[in-house]
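So that you can see what the record holds, here are the features copied from TrEMBL:
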COMPBIAS  1-13  compositional bias 'Low complexity'
REGION    1-36  region 'Disordered'
REPEAT    175-209  repeat 'PPR'
REPEAT    282-316  repeat 'PPR'
REPEAT    317-351  repeat 'PPR'
REPEAT    352-386  repeat 'PPR'
REPEAT    387-421  repeat 'PPR'
REPEAT    422-456  repeat 'PPR'
REPEAT    457-491  repeat 'PPR'
REPEAT    492-526  repeat 'PPR'
REPEAT    527-561  repeat 'PPR'
DOMAIN    540-658  domain 'Pentatricopeptide repeat-containing protein-mitochondrial'
REPEAT    562-596  repeat 'PPR'
REPEAT    597-631  repeat 'PPR'
REPEAT    632-666  repeat 'PPR'
Amino acid sequence: MFLLPPHLTTPFPSTRSTNYFPTTRHHQPPPPSAANPLISSSVATATPLIADEGPNDILPLQNRRYDFTPLLNFLSSDSNSEPENNSSSPTQLDPTEFQLAESYRAVPAPLWHGLLKSLCSSSSSIGLAYAVVSWLQKHNLCFSYELLYSILIHALGRNEKLYEAFLLSQRQVLTPLTYNALIGACARNGDLEKALNLMSRMRRDGFQPDFVNYSSIIQSLSRSNRIDSPILQKLYREIESDKIEADAHLLNDIILGFSKAGDATRALKFLAMAQGNGLSPKSGTLVAVILALGNSGRTVEAEALFEEIKDNGLEPRTKAYNALLAGYVKMGSLKDAEFIVSEMERSGVLPDEQTYSLLVDAYAHAGRWESARIVLKEMEACNLLPNSHIYSRILASYRDKGEWQKSFQVLKEMRNSGVQPDRQFYNVMIDTFGKHNILDHAMATFERMLSEGIMPDTVTWNTLIDCHCKSGRHDRAEELFDEMQQKGYSPCVMTYNIMINSMGEQERWDEVTKLLTRMQSQGVLPNAVTYTTLVDIYGRSGRFGDAIECLEVLKSTGFKPTPTMYNALINAYAQRGLSEQAVNAFRMMTTEGLTPSLLALNSLVNAFGEDRRETEAFAVLQYMKENGLEPDVVTYTTLMKALIRVEKFDKVPAVYEEMVMSGCTPDRKARAMLRSALRYMKQRLNS
């Protein structure tokens, strides 16, 4: 039975020890000779710290100075060690310490905050910062301890010491301020599960998460490229549930997040929301939206947004032009790509390496290799030496055209130009051989890469594992998966998705469950591809109950299934001729508010055809036409197959003719269907 590990259940760190930050002097910075080198004048005196605080707190204090050097020297010295648990008021004190405490009795809290921020600005003095907080608490000298602890937690998070931050948080009752610091620390360190768990715990404690919490999480996902649209949609539903009014910063993060996730439609929706509220997103965010639109083939909208930037009085820079250029290159619109580069030159905007790289892409996809080489020469004339990335793009163009033999020619030209291949180039080369099932060349390239001292990355391993899976060499793929981990590389969500699909194809269901459990134990979140893969492998194997359960588990975590997941389920039913179940899955899809894709409707046509229900199959065709979906060659071919199955051969030519009249170019399979129908008709006439 399918069992997906519960979502977001990473526990908080253990609180076995609260003595993580020792204040014994041999763990602290060394004592000064004349002055401790770790204690700069800007840390030791209060005046330079005043600028860090708000004007309302500081203006009355600007003529007062406090020298913190004696305190920092005292806390740094070896001869005055204190136990860790010194936060309670002491019953007796050394006279020297007593005098020191009394001398700082009148220091205002904002100056202590400033001192602490200065100490936390360097990882080498965080221990000293902690000693200051403990000493202040011991002598009741500053009463805004939650702010002090939040500063420490923030510093620990910035220095990738998340575990220590959690241990420190156990010393105080968590308040909104310390919650914010912890959530920010988790986000900075890419631990989404702990951040979301903290927000749930925050609500249970009666505190409301704010826009800063959500911004931290979304920014973290965007930085690490782990963001996808379903995760962002779930976060926004929580924002609405928490009744948080998104400010300019949060809306900017949401727009940028959807853009990086490739969801141009939602990016535009939130862009319109921001502009409707009179807010102006950052120029970098607008560039990201243009790029998302271009990558989605929506170059008209991308160009309109580009013009909007100019209409608002802003001068588009190189990145904006590159974003628009990328869209035209992806669409194969060479003339438009050339026009954009010419427009850059007319506007006085200098092309950069990415501009030339995209132009090389455009010429390579068009098969204009000489033009691509001219671009490389232009780069050299502009003192921009072609790099390995550009040659990677040329190689990728050959790969996509099936001309894998030219890989060696690209490598030779690259070396002749004095450019050494890097990891990205070798990754593309391995992928080129893998896609054409030349596994010995793929492994030889991998060995050559290692011999040149270029270390693989997760992409390298994923490419090798995937190409062996697709060639049916599942045992070797499993060996590479184990070797990857033995050599210290952590599998990412894509690695797990590849292996889950491999185990599913072999119907090794226990191994699928083990992989899901291992994902959770390593803090790797399943994404939309994971769930789609699970639905697909269970559906293709006839384990429809497990496929449906997978969708229900997904819904229970707050995520909505994607159209691709339902496409996989409908197609699985269709392959077995289970038309009623396929219709039910289709209804579930529409109930979720998802718009059926052409792929889903074609699968539904196939389901009815396999079930000998050609009338319903043609009803789906009518549904497509009424809802503005253009039937494609697959639609018409599947309908012809349905007619042949019920021996209505005489109706096949009319369907073929309609396909041609609608603008669809018949492929080999469509022509084979027509020939089969005509052959059967001829046999009947002769019998």
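Numbers here mean position along the shown chain, with the first residue as 1.
Every residue gets a Cβ built from N, Cα and C, even glycine.
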Restricted to the repeat 'PPR' (352-386), the mean pLDDT of the model is 82
Under 8 Å Cβ-Cβ from the repeat 'PPR' (422-456), and at least six residues away from its ends along the same chain, one finds 388-389, 391-392, 395-396, 398-399, 402, 404, 407, 411, 414, 463-464, 466-468, 470-471, 473, 489
Residues outside the repeat 'PPR' (457-491) whose C-beta sits under 8 Å from one of its C-beta atoms, at least 6 past its ends, are 423, 426-427, 430-431, 433-435, 437, 439, 442-443, 446, 449, 498-499, 501-502, 505-506, 522, 524
Under 8 Å Cβ-Cβ from the repeat 'PPR' (527-561), and at least six residues away from its ends along the same chain, one finds 1-2, 4, 7-8, 228-231, 233-234, 237-238, 493-494, 496-497, 500-501, 503-505, 507, 509, 512, 519, 568-569, 571-573, 575-576, 581, 588-589, 592-594
Secondary structure split (DSSP) over the repeat 'PPR' (317-351) reads 27 helix, 0 strand, 8 coil
Beyond a gap of at least 6 residues from its ends, the CB atoms lying under 8 Å from the repeat 'PPR' (562-596) belong to 230, 528, 531-532, 535-536, 538-540, 542, 544, 547-548, 551, 554, 603-604, 606-608, 610-611, 613, 616
Reduced to three DSSP states, the repeat 'PPR' (422-456) has 26 helix, 0 strand, 9 coil
DSSP composition of the repeat 'PPR' (527-561), residue counts helix/strand/coil, works out to 26 helix, 0 strand, 9 coil
